[in-house]
Each structure stands twice: as C-alpha cells, then as structure tokens.
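Among the features that TrEMBL reports, compositional bias 'Pro residues' is placed at 7-18. Summarising the annotation, TrEMBL assigns domain 'ABC transmembrane type-1' to 92-285. The annotation region 'Disordered' is assigned in TrEMBL to 1-27. Annotation comment: TrEMBL describes 31-52, 96-115, 127-148, 160-177, 211-237, 263-285 as transmembrane segment.
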Amino acid sequence: MTATTAPPRPVTARPAPPGTRRDHSRRSSPVSTAILLVGAAYCLLPVLWVLVASSKSASELFSTFTFAPSTHLFGNIAELSAYRDGLFWRWMANTALYAGVGGVLSTLVSAAAGYGLAKYSFAGKQAIFNVLLAGVLVPSVVLAVPQYLLLAKLGLTNTYWAVLLPSIISPYGIYLARIYAAAAVPDDVVEAARTDGAGDFRIFRSIASPLMAPGLVTVFLFQFVAIWNNFLLPYIMLGDDKLFPLTVGLSGLLNQGASQPSLYTSVITGSLLSIVPLLALFLTLQRYWKVDLAAGAVKS
C-alpha cells in the first residue's frame, strides 16, 4: 500500500485590505494641517477676545493686556441687565422670536417648494429653478430697499412682521431642500404610496418629510443663524428700540460708547451672551445634522 501526497498548492499573497491602500493618501500633510490651524485660529481668536474682554471692567479694557482675563464678568452681566430696565433681554427675546419663527416658517416653505421641484413635473419647472439659483446670487442689500418700500405701503414697517415676512422665503433653503428631496426620497416609495391611495399632502407629511429631516435640520440651522445675525433688514425696517434684535440694539450701544466709554463693556458682554444660544442650538441639533440623508430611504 503506497501513500500518495497531493501536490503543494501555490502560495498566493493575500491582497492588502482595501483600507490600507489609502492610508498613505489619507494622511494629512504638515502644510494642510498648518493651514487648518491658521484658519481655526483666525475664527476662534475673536471669540476668545470677546470672552476675555467681557470679564474686564471699563477701566481695565484698554489698560491691561489684551488676553489677560479679569473677574468682572458677572458684574458686567448685571450692569447690562440693568440698562434701561432690562432692554437687552428684550432684544434677546426679539432675536429669538425673529430667528425661531422665521427659521421654522422658512424651513417649511423650503421643504414644500424643494419637494415639489424635485418630485413633480410641470411647465416652467426649470425656469423657476433657474430663477431660484439667480436669487441665491443676489445680495440681500440689493433687496432691502425694495422690501422696505413694499412693506411701507402695506403699513407693516416698525412691526415684527417687517422682519419676519422677508425671512420666510429663502432661495438657498429651497435649493438645498430640492437636493435633499431628490437624494433622500426614492421615487419608488412615492409611487408605492400613491398606489396605496395616499394623497400628495399625506405623502409629503408622512413619508417625504421624515426622510428629508436631516437635510431640513441643515436648512433650519442656516436660516436661523442668518436671521439671528441679520443687521441690515431690521435696521431699515424698525425704528422702535423695543423691537430691535441684538444686532441693531448692540450697534446702538456701540455708537453711544463714543460719549460713554463705560458702555463698551456692555457691548462686549452682550456680544458674548448673543453667542450662547447659537452654541446651544448647534450642540442640540448636531446629532440630527450628521445623519446620512439617505439613511431612512428604502434601497432598491
């Protein structure tokens, strides 16, 4: 009885895992890292200065080292809160109203318009979309005076509506919503819902809106921040300081600082407090903002 041995199998080298091939290309170079650090410093140094300067008294503001902190932050907040019986907090509430209500309404309008442009075919669709793209390129300063003249004829200047109404329509928000609707809402799902007897509004409310939610969070954040930081529109539309947002109110305080230097600390402290709601909003919505747009879609 003889034993037979199988011929040895040729040894083949295993291919490297796909991820290791691109490790070298994914490594950041020192130049790109340095550029990013410079950009981060450019953005964060002014915020750091506001934080440090708001802790100084009026006498320390111009007499001490720029980035040397002090211990007067809470005293400055109390002084700012006492200015004209808490007018600053009225400005804060007005800004939250303008940005919150305007951001929500603008997001709803953008979602409906973007979904319609992405999922419906009708005459003039491309022309409307081209007009929207052109609207993105038009600076807001060009539209400020026509908007003022229009609202003045309607008797809406120096009211809350003068700031809210122009903020509802956002060409950039509609453009983003159209992209999100096209990417996150499959046509097969829409057709299946129509086959089951669902109407257009129900499809938009129950199917499209949840799938578009991560993108709509982005639209809301963009619009909220844009309204929160808007200066020109409320500056033109409003004359009553009790209707002012933070941008216009703090600008008025800054102008008064030429004759009352003690108000400079109030302006800086108010600028610091105006950042807090934006940071809180970003931290709250961050988990929704990072979700993949197509995470809830049904893949074919």
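Every residue, even glycine, has its Cβ placed from backbone N, Cα and C.
Recorded stretches compared: 96-115, 127-148, 160-177, 263-285; the one with the most Cβ pairs under 8 Å to the transmembrane segment (211-237) is 96-115. Of the candidate ranges 31-52, 96-115, 160-177, 31-52 contributes the most Cβ pairs within a distance under 8 Å of the transmembrane segment (263-285).
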